[in-house]
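Here is what TrEMBL says about this protein:
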DOMAIN    13-119  domain 'Cadherin'
DOMAIN    120-228  domain 'Cadherin'
DOMAIN    229-333  domain 'Cadherin'
DOMAIN    334-438  domain 'Cadherin'
DOMAIN    439-548  domain 'Cadherin'
DOMAIN    562-665  domain 'Cadherin'
TRANSMEM  677-700  transmembrane segment
Amino acid sequence: ILVILVLCVSGMRAETARYSVPEEAARGFFVANIAKDLGLTKEELLARHARLVPEGEKQYLELNQHTGDLVVKEQMDREELCGQSEPCLVRFEMLLESPLQSFRAEVRLTDINDNSPVFLNKEIVLKMPESAMPGTRFLLESAHDPDVGNNSLQHYSISSNEYFHVYTQQRNDGGRYAELVLDRALDREQQAEVAFSITAVDGGTPPRSGTALIRVAVLDINDNIPIFTQTLYKVSVMENSSQDAIVVVVSASDLDAGTNGEIVYSIIQNSEENLQTFKINPETGQIRLKKPLDYEEKKTYEIDVQATDGGGLSTHCKVEVQVRDVNDNAPEVIITSLTSTLSEAAPPNTVVALFNVRDRDSGDNGRTTCELTGEQPFRITLLAADAYALVTSETLDREQVEEYNVTVRARDEGSPALSASKTLLVQLLDVNDNAPTFTQAIYTMVMSENEPAGRSLGRLSATDPDAGENARVRYALVLPPTGTLAAASLVSVDAESGTVRSLRPLDYEKVPAFEVTIRAADGGSPPLSAQAVLRVIVRDENDNAPVLLHPAPESSAAAELVPRWAPSGYLVAKVVAVDADAGQNAWLSYELAKATEPALFRVGLHSGEVRTARAVTERDAARQRLIVLVRDRGQPPRSATATLAVALVDDFSDAFRQLGHDPASGQQPQAAEEELLTTYLIASLCCVSSLFLLSILVWTASTLCKARVRAELPPPSPSCYADGDLSSDGVGVGSTGTLSPAYRYEMCLTSGSGRSEFQFLRPILP
């Protein structure tokens, strides 16, 4: 992760350090100790990676980071860099990092006298009429010296002669030109040509000079010279004027006739640049452009125009051309420093880039403004003239926008306005500022009872909008507090995938469900986390058989008493069972599996109540054995059986005999019942034919005998005994069998009988 360069905008330096160095200084020439001037130590220069950023494309200076010295990297020719402009400045910025700082500086190139004045023509031919009067002035071709100041051309001189002397004049732009002054009248008959040399001398030390030969041809008399309508023409031309556009028309007249009155116009070579820029029609005096003008290169031109008649007489005028600026240069956005990657945690006013705006135009055309296109969390701060900083205006969020294409637009105030744009790519580095988020607050998973360990129950999922390690989510179980049920020991969570697996088989009857807390943490530093609840439901399996509560499973058979007069639907007993399973695995059904007389009894499918299916008759066996099957609805189903021993009784004494005076037990050994049944079967098979008639006779006699006995007995005075009035050795009907103590019976006994009969009249319901 790159270190983010943060600096306060208010702490940036806006002052400009100024130095000077002579042109053509050798490589390594010492300019200044810039570190000392800026109050920086050598260690700071190295630690903060000081470097120079030139204003142009070429680097003429370099910084020694060990000493802080500013030295010349490459020789500089002032005339090549700046031409005639003064002062000639080489501008640069020194940038420091950690924190980012910028210092402006400029080096002025001082001119040295390395150029001599030069005449464009080594021989200058002048034609003068012999009638020229003493004191007449003749404009001479100027010498050119690219140096400036005192090193430029200062004065002219001519070699000794008896006719002329030279006079040095100065133009408005500071340039100097020579005028030849006639000292005495010429006489063509005495001397047809006068020759002498002219010398142009500059002001350097030592001075430099250039010479040319002047030949003055004395013409025959032509007593009228051309006269311009104006001695000075002032015009202004737009810099975007097309080539061959007319600048001005000069006009001169001559009173002579014939060839002496014919005027020819020409431009005097006072500057090579003028000859390359302007041309004149020798007949009409129209001055036109030979090439387009550029206000940024030169703002004013002075043209010397000469009008010559056919007799050789000439005169001159001056044309001053002012170039008017037009908005033909768009602003330039120059990036001096750029931080291409920025932390999303960077505070507002963090510097992203430093840049300059330059417009070569002048006035309103050169005044610029900067703006950002679109709605973005950045703004532009003005540091100094045409120096700006791009800073953040609000907090950033990489999860919303990962990178920004920031377009800086510079616009001038010309008409029409010109603009230029520069697009900067700023990428945001992620900071761990987002915790993982589960897709659900509560996850519910189902596992089967007794399912083997290692089975996958499902998968958890959490997402993190951060990037890289900050978005890598790992899962873990949150350990419960000490002393609580260690539900975390029942399942495991894969740290990478979030897959939940069981660690051991579970018993639904012990653990029907449990909850654990899952934590999802990212890989940031420090890590952020979130929690979710995992609820595991154990699905019941049919692994428990029904358990009998009544009759008790440890007893061999439960004894129940049923009176002989019991009608159909009479409640004999109630089988009660439970199943530890759940759902349909615990839904129980009851059925009669086996009975001595299956047609006599029926069992409620869901209630477990054993009732008579028909009325009890005398033919029914006194002892009945019932096996009730209790079955659940699981797959596969599980079952249990309950055995009931039912005694059909006529009176109270029969109950004693059949129960063996043990009303609490109410049971007979199964072996005795089976033996009695076998005896009955054998007797029935052996005596089926011989005893059939005898049994009818005995039954008839018994019936008649009972009727006679009842008739001879006195009328009974029955006594009713409630529950609890019987002696302790009697039959406890209320506490025997499977009936609830809430079932009570009304019974009547006749007094005075040792073996009194009893009859069940009706039940007393609570």
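Any Cβ shown, glycine's included, is placed from N, Cα and C.
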Which listed range (229-333, 334-438, 562-665) shows the maximal number of Cβ pairs under 8 Å with respect to the domain 'Cadherin' (13-119)? 334-438
How do the residues of the domain 'Cadherin' (562-665) split into helix, strand and coil according to DSSP? 12 helix, 45 strand, 47 coil
Local confidence of the prediction over the domain 'Cadherin' (229-333), expressed as mean pLDDT: 90
Provide the three-state DSSP residue tally for the domain 'Cadherin' (120-228): helix first, then strand, then coil. 3 helix, 55 strand, 51 coil
